[in-house]
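Visitor: So Swiss-Prot lists these for the protein:
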BINDING   G78, F83, A129, E130, R148  S-adenosyl-L-methionine binding site
Amino acid sequence: MTPQDFYRTLEEDGFSLASKQKEQFDTYFKLLVEWNTKINLTAITEKNEVYLKHFYDSIAPILQGFLANEPIKLLDIGAGAGFPSLPMKILFPNLEVTIIDSLNKRISFLTLLAQELGLENVHFFHGRAEDFGQDKAFRGQFDVVTARAVARMQVLSELTIPFLKIGGKLIALKAQAADQELEEAKNALCLLFGKVIKNHSYQLPNGDSRFITIVEKKKETPNKYPRKAGLPNKKPL
């Protein structure tokens, strides 16, 4: 997917990008490739692949109608090189984006990236989701939490749902169908008061299958969740 294909596809979906937004995506690509030689950000560095498998893939929840251009508080867990939240932010500047990542070098990259792209209302924090999930400044504060290929739902639910307001939504982006994952996550979702409200499949322009699972938080998360760092992965609910 060339940048021109990317812009044309967005326009066909009703999103006509301004020159500034196109420049932001171009700068994003250049910085991603440059920094990838210093720290491991991505295995995908070929331009057309980045536009398809990172940029287009990241904004799919918007193109599929699951996110609006409103000043909502969005948290991205394990965003790595900023996916999916920063491409979403470029497309929808009204979003207030927070990223938590466990690797400080990635936070350094994201901080520089946001400055170079001129993004406002973006916040980056170094640490583990399990620790921030018990912090009152973060717990129960977000309208949306996004996670792209972070962990299976049984683990992911404990890392994300505590951050949501009641009625807030987890948007999980997956490369594989989530049916089996959701079956395994039933107990975790029950304990965390999360309800699956959508399990959506779609295709990238090249025909690759992708999946979005949306979970809504129904009640306040019990205080004991998330458990200490590492436990959700070692002993899933």
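Cβ atoms here come from the backbone N, Cα and C positions, even for glycine.
Just tell me what is around each of these and how deep it sits.
Guide: DSSP classifies F83 (S-adenosyl-L-methionine binding site) as coil under the three-state reduction. Counting every protein chain shown, 24 other Cβ atoms lie within 10 Å of the Cβ of F83 (S-adenosyl-L-methionine binding site).
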Visitor: Note down the number of other Cβ atoms within 10 Å of the Cβ of G78 (S-adenosyl-L-methionine binding site), including every protein chain shown.
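Guide: Looking across every protein chain shown, the total is 22.
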Visitor: Rounding to the nearest whole angstrom, report the longest C-alpha distance spanning G78, F83, A129, E130, R148, listed for S-adenosyl-L-methionine.
Guide: 20
Visitor: Going by DSSP, is A129 (S-adenosyl-L-methionine binding site) part of a helix, a strand, or coil?
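Guide: Note: A129 (S-adenosyl-L-methionine binding site) is helical by DSSP.
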